[in-house]
Amino acid sequence: MDEEAQARVDVWKYAYGFDAMRVVKCVIELGLPNVLENHGSPMTLSQLSSAVGCPETSLYRILRFLTHNGIFKKLRNSTHDPASSVFYAQTPLSRLLTRDNMGPFVLLQAGPPGQQFGMSAKDLKAGKGSGLEAASSEDIIWNGEVDATYDKLFQEFLACHARASTKAITDDCPEAFQGIGRLVDVGGHEGTAVGMLVKAFPWIKGINFDRPEVVSGAPPIDGIEHVGGNMFESVPKADAVMLMWILHDWSDSLCIDILKKCKEAVPAEIGKVIIVEAVIDEEGGDEYTGARLALDMTVMATTVNGKERTAKEWGQLLDAAGFNRHTVKRMKAIESVIEAYP
């Protein structure tokens, strides 16, 4: 791997470094290293869930991230019951995180509770990240009480991410846009991504679709029409609909609703929905696997029921939304391109 390619991998270690430490803080608060140490032998997910009072689904995601990073290890035992064939065990590193070792020091560095951002052990025990949390609305992330400076930074992040991801798409997956005359970018914010795509593939007419209050402030872009609306109600008609970093914010049930609206917007014979999202590989993976797992921790901390998904989970969503088939194209990036056909 050349220096530039390695830099594109390494930068994510710093981008998600804060979230990695928040996860370590949470497991110390939960007492996970102490539970394993006191038990004296490896434990199943079910046993650990009962011991620390955290739902299995969210604890699984956390352990997936931590075992990838060498904190705890996963062991397999031949048994007829898959749920009880996987055990989690201590490592020399996790032993240093017990409350009689370096655990309190790590907690101290996180600062007072009132100054901490993200998830906590209390959140996890209450169901955060489990998909079981009852909420009247899942869009809490968008209604956070942040000051103007932080909000401006968030808007800059959205544009920055759109540029990086779209460049990866045009470099690694240009064939996905062949034959598309009209493309809708759902949740496209100010139109950065679809604007770059229209420039790269000038035969495309682009529609930037987002909430009315968002597109009302979007700048004019050649070849782009800004359209306001609600993706849960309807999506503008087009040859193809693109969803870039949208679905990971929402629960499975709401993702299915969004995908059905997108499916209705494209022609059944030649249309498709293009999903640009991370695809988690739990076995093996590539140089971006660590960054994808860290992204899942960020999504767990900042959304109500959002999550990053495996290829199997993406397939289940698309089947439930009524798509006939789909393909997954890996890129030299965190994201993959999923093309779903009605």
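Cβ from N, Cα, C; glycine included.
Remember, predicted model here, so these are calculated numbers, not experimental data.
These features come from TrEMBL:
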type	residues	note
DOMAIN	12-99	domain 'O-methyltransferase dimerisation'
DOMAIN	146-324	domain 'O-methyltransferase C-terminal'
ACT_SITE	His248	active site, proton acceptor
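Across the domain 'O-methyltransferase dimerisation' (12-99), DSSP helix (H, G, I), strand (E, B) and coil residues number 54 helix, 10 strand, 24 coil. Over all protein chains present, the Cβ of His248 (active site, proton acceptor) has 19 other Cβ atoms lying within 10 Å. Each residue in the domain 'O-methyltransferase C-terminal' (146-324) has a pLDDT score, and their mean in this model is 94.
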